Each structure stands twice: as C-alpha cells, then as structure tokens.
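This report refers to the structure that appears directly beneath it.
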Amino acid sequence: MGKTILIILDGWGIAEPSSGNAVYSAKTPTIDFIENTYFSASLQASGIAAGLPWGREGNSEVGHMNIGAGRIIYQYLPRIVSAIRDGSFFENKALLNTADFIKRNNSTLHIMGLVSSGTVHAYIDNLYALIEFAKRNDIKKVVIHIFTDGKDAEPAEGANFIKTLQDRLQTEKVAKIGTLIGRAYAMDRNNKWELTQKTYDLLTQGIGEKINDPVEYLRNSYKNGKTDFDIEPAVVYENEMPVGLIKENDALIFTHFREDSARQLTKAFVATEGEFHEFERKKIPNLYFVSMTKYEDLLPVEVLFSPPIIKLPLAEILAKNNKTQLHIAETEKYAHVTYFFNGENEKRYEGEERVVVPSIGTPHYNKNPEMQAYNISQKLYENIDKYDFFLINFANADMLAHTGDFKATILGIETIDANLARILDVIKDKDIELFITSDHGHAENMLNLKTGEVSLSHTINPVPFYAVGKNFKSRHNLIPLYQRKPVGILADVAPTILKSMEIQVPPEMTGKPLV
C-alpha cells in the first residue's frame, strides 16, 4: 500500500476573476496543471456546511476540524447563539456561579475580548448577552475590556463599531468600557509573551495611555498610521481614575469561543506561581475566571460551553490501522494541523509525529511573503519514506491576505505553487496519492468591489479539492472551478482519504467520498 499526502492551502478560495482575486491573479502553473490533469472539484467551506450559522464565513479552526473529523462539526458560535435565543444561556450554571461570587465579594464583573464584526474568535451578540445577564442579575459594577480587531474585520472598523457599543452602554447604564488594546498584543499565540505581558499589565495595573473617549482615541490612532490590529494599550479614565482595573476578588469572563488565541492571556491570569515563568506578573488573588469555551485541558477556570466530543477523527483511525503519520505546519497554523485536525484533542496518537517550523516572528508577513513554505516542503522531502500519511499546511494565502497587501499575497501564492511543483517532482516516481484542499476562502477576495476598500475578512466562497495520482487522471477539464458548482463539503475529505487508503470509513464519519 502506498503513501498519502493531504495538503491544506490555508485561505485559498475560489471566485470569479476580479481585481481583488489574488489567487486568480497569481501565476500558478502547477495548480493549473493539476486542475487540467487530475480530478478537481469545489467544496463548500462556510455556513451550515461547516457547522457555522447560515452565511458565516469559514475559518482555519472550523475548516481543519471538519476536514479532520469527516463530519460536520457544529461550532461553538451557533451553539452559543442558540442558547441566547432560547434563554438557556442566562441559566448557565457557570454564569450563575459567577453572579453569586460577585455578590458575595461585592466586586466587579470584567468582560474582555474581541469587539468587531468578525465571528472567528468572538461575536458581538455574546457580549451583549453577557451585559444582559449582568442586568438581570443586578450586578452593579461591569467593566468591558476591548480588543480591537483589524484582521477578521476591516482595518479601521473599530471606531464606528465601538461607538455603537458605547451608545448602547450609555443608554442601558449597566457597563462601562475600561481599556482598549489591539489584538496583536492581546491575542498572541506565538509565544511572544512580551505582547501578552503588555496586555496583562494594562488590565491589572493600568499601564497604557490615559484616555477619556475610546472612539476619539481610535480615530487619532488611525491618523497616526495604526490599524485596529495594533492599537496601543489605553486606559479609560473617569473623574481622574481608571474606570476599572482587574483586582482581588473580581470576576473575569473571556468572551472568545476560539481557543488558540486565548490561551496565553488566560494562563497569565490563572497559572500558579510555580507554573508561570514567562514574565514577572502581579497575580490577582481570588480571581474568578470564566472562559466562554474550554481553551485547554487542566486550566483552573469555569467553562460556559464545553467542547463537542469528536469520536474517531481521521488521525485516530489511521493510528488504529497501524498507519504512521506526520503533521507539518509553521507556528501560525501548528494548532490547526494538530489540536483542531485531531478533533480538539491535544494528545498525539500512536504513530503520529509532528513538526513545527517556526514562523518568522512578525505579524507583517508581507515583508516576507515566502514565509516558511520552502522549509515545510523540505520537511516533507526529508521524511517522505518514513511515514504512511502526511498532513501539511501552507499558511501563505491566508496570513498574507490578512495584511491586505495584494502584491505580497500574489507572491505568497506563487511560492506555494512553486513548492507544490517541488512536491510533485518528489512523488512522481513513488506510489503516493496527493490530495489538496483548503480550509476556507480569503485570498480570492481581497477587495470590496463596491467601495474599493481592502477587505481583510474571510469569505463564504467554496474551496478547491484536487486528487492527484494514477487513479485520478481526468479528461481535460475545460470548465474552470469558479464556473462549477460545489460537489461536496469539507467533511467529505477524510472519507475520501480513507477510501483511497482502503480503510473502512466508520459510521461516525458522515461525509461521503468524493472519488
């Protein structure tokens, strides 16, 4: 039995040619050859087909979970929204315990998280529901700590978006805004703990610029070249005092339902002195910490929504069939090819190995659009004879599209294509089947064609699926993918791979083989 490779082109979607379509604008002779020579199709990767609310764009976490699980995984967001709508959210035991704690200690409820139109990490309606919960439970002191976006939303959306929030808060008189900071600091997931420290010190000590009006501060920041992504820390003052910093006996709710970018900051708050060595901190005594979802095993926090139990993801089935596997990605996407792909499971299965190629250590990937694509394909080359299954993530298209730099994104896509050519050359004389897909759309739509503004958001567009191998030769495909209707969903990828490897697809996998 031969080997199998699955390559995920992060953020590589399908759309009609346009001035904002970096995928179409790039020179991709390898992908063109594959599309014209082998089986090709498009897959739905957003909305209900990916376990998201109708019309919601896909993302890397959701995409990798659906691909690896072989079934639609209904995500936290629709579960939380459903709970809000049916009222069960307000009866959540962890929330009720939080209210009791605050009343016993006569303390403050702090709510922190991303505030934007994006839905990848957090959702504005969840924040409003928490404010409503505080109102219903007569919690007197509520402070909101805002992380501005600029990545999953437009780069300067924050001012107007937070103005809407501010107006609502002034009307309801339940909560106040306490601090502001860009997600580049608050949501780091690359072990750049100095960024996390800056956030922690802002929230607990008030180290940041003193401001009176968050909206005015944001607009001035835009004039000085900042975007929501990298807004410097700021503390809102009222009557010459901070509106509210996190202190002893307070309660803190982290609104994020996505785990990876919430872990570092959470650990800074809850890890014990003996466990935490990343930076010097003043740990808050008797802090009641509540996370929207379970960010990591063994964290001493209350959890509002526990993760779904995903039985028999692809990685586990391969292990049960004595297949060895190697998962490769750079740091930015390492969690996706491990934790998320494996069904939100931290552990590695028998015969599973992992390689993380360190990312270049800057959010400005447009300065180095090649990123780590070559080193990732090199790791495949070095290990091609050692494993039965390979999982690879190329992050260029997604991460570069997030910068809004169209030319750099084209260069990144062309880098991927060149590395795909290299991989084809490596496998051409071997008994190897290659599958290529994407987790969500992004780089194919980098421009709002109505306004002419740069778009940094993911899309609801379908994504490609290619099957490369002697069994998948196709007649010349005259119709380009953007003119074809999707024939499947991301959940169909794992059953397709199992079928090609002659491994029985378990009933837990509801996806259908594509070829």
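In case you wondered, yes, glycine gets a Cβ from its N, Cα and C as well.
Note: TrEMBL annotation is automatic and uncurated.
Under the heading domain 'Metalloenzyme', TrEMBL lists 3-503.
With a 10 A radius on its CB, D439 (Mn(2+) 2 binding site) counts 32 other CB atoms from all the protein chains. Taken from TrEMBL, the feature Mn(2+) 2 binding site covers D10, S60, D439, H440.
Among the features that TrEMBL reports, active site, phosphoserine intermediate is placed at S60. Classification of S60 (Mn(2+) 2 binding site) by DSSP places it within a helix. Residues within less than 8 Å, Cβ to Cβ, of S60 (Mn(2+) 2 binding site) and separated from it by at least 6 positions along the same chain comprise D10, G11, K333, H336, F340, D398, D439, H440.
Taken from TrEMBL, the feature domain 'BPG-independent PGAM N-terminal' covers 81-296.
The annotation substrate binding site is assigned in TrEMBL to H121, R183, R189, K333. Taken residue by residue with DSSP, R183 (substrate binding site) is part of a helix. Sequence-distant neighbours of R183 (substrate binding site) (same chain, 6+ apart, CB under 8 A from its CB) are L114, F147, T148, D149, G150, K151, D228, F229, S261.
Using a 10 Å Cβ-Cβ cutoff, H402 (Mn(2+) 1 binding site) registers 23 neighbours. Residues or ranges marked as Mn(2+) 1 binding site in TrEMBL: D398, H402, H458.
Geometry remark: H121 (substrate binding site) versus H458 (Mn(2+) 1 binding site), CA distance 12 Å.
Cα separation, R189 (substrate binding site) to H402 (Mn(2+) 1 binding site), rounded: 16 Å.
Those same-chain residues not listed among D10, S60, D439, H440 yet with C-beta within 8 angstroms of the centroid of the Mn(2+) 2 site C-beta atoms are I8, G11, A45, G58, N59, G63, H64, K333, H336, D398, S438, H442, H458. Less than 8 angstroms from the CB of H458 (Mn(2+) 1 binding site) sit G11, S46, E57, G58, N59, V120, D152, H440, G441, H442, each of them six or more residues away in the same chain. The record assigns H121, R183, R189, K333 to the substrate binding site, and the maximum Cα to Cα distance across that set is 17 Å. The binding-site residues under consideration are H121, R189, K333. Their Cβ neighbour counts within 10 Å are lowest for R189.
When Cβ atoms from all protein chains are considered, those within 10 Å of D398 (Mn(2+) 1 binding site) total 29, not counting its own. Of all the Cβ atoms in the protein chains shown, 30 others lie within 10 Å of the Cβ of H440 (Mn(2+) 2 binding site).
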